[in-house]
Amino acid sequence: MQVDIIKQVRDTKPLVHHLTNQVVMNFSANGLLSFGGSPIMAKAIEEVEQIAAISNAVLINIGTLTSTELESMIAAGKTANKHNIPVLLDPVGVAATSFRRNAIDKILEEVRPTVIKGNAGELASLVNINLEAKGVDSIGDGNLDVIAQKVSEKYNTAVVVTGETDVIYVDNHLIHNGTGHHYLSSITGSGCLLGSIIAACLTTKSTLKDQLMTAVSFYGLSASYAANQENVHGTGSFLPVFIDSLSKMPQELTEGE
C-alpha cells in the first residue's frame, strides 16, 4: 500500500463522475467523500459529455441499467477516453440477463476502460467461463487468477476480481489481497463503493499497479478496522463506523493490532 496515493487523493479531492446505479448513489457518495474524493452523479444525456470532460475519473456501473442510461454511459466513457481521463467499468449483474450482457458488449465496443472491476461470476461471464451466479451476486469462485488474466487479455485493461481474496491483474502481474471483512458481503453497494475508491486513486500520480493495490487493500483494511470496534455488533452498526474509517490513514487503522 502506498500511503502517498491516499494523501494525494485528500489533497486534490478528485472529481469522480458516477454513472452508477440508483441503489448505491448515497452510499457511494458519502463513502467517497469520507475517503477524500468528490462525487458527482450526473446521468442525463444532455450533460454527461460536459461533466465527464471536467472530471478526474469516470465510473460506469450498470447495476440498475436502462436503455437511456446506456447511451449516457457510452457518451461519458468516450469523452473520458478522448481527454485521457481514467474510466472504471463495473459490469454489475452482467451474467444475469441478456440485456445487461448486450449493454456491456456495446460499452466495450466504444469505450476503453482503464480498469474492469467485478465479482468472479460477472467477470467469468465476460470471457465465457461457466461460473454460477445469482442475480448480481457470484456464488462460485472458480480460478480467479485465470479469470482476471483472461479478462485483461481480451479487453486490454487492468482487472480487479473481488472476493474473499481479491485478485488484481495489471501489466502481466497478479496481485492478491486478503484484507476485508465478511460484513462487506452482506451490505448492498459495498463493491460499488470500492469502485469509487479505486476511481479516486486512478487520478493520482503513481503506477496503475500501486493505485489498484492501495485502493483495494485500504478498503479492506478500513472494513476490518470498523468491524472490530466495540460498538459494532452487526452490519447495521458497522456501516457508519466503516464510513468513518475511510477517512483515516492506514497507520491509524493498524494501531493496536
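Using the three backbone atoms N, Cα and C, a Cβ is placed for every residue, glycine included.
The structure displayed is predicted, hence computed values, not measured ones.
Per Swiss-Prot, these features apply:
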| type | residues | note |
| --- | --- | --- |
| BINDING | M41, G189 | substrate binding site |
| BINDING | K117, T162 | ATP binding site |
Conformational class of K117 (ATP binding site) under the three-state DSSP mapping: strand
Assigned conformation of M41 (substrate binding site) - DSSP reduced to three states: coil
C-alpha spacing of T162 (ATP binding site) relative to G189 (substrate binding site), in angstrom: 13
Protein Cβ atoms within 10 Å of T162 (ATP binding site), excluding its own: 27
All-chain count of other Cβ atoms within 10 Å of K117 (ATP binding site): 30
Residues satisfying Cβ distance under 8 Å from M41 (substrate binding site), sequence separation of at least 6: H18, T20, M25, A29
G189 (substrate binding site) - helix vs strand vs coil (DSSP): coil
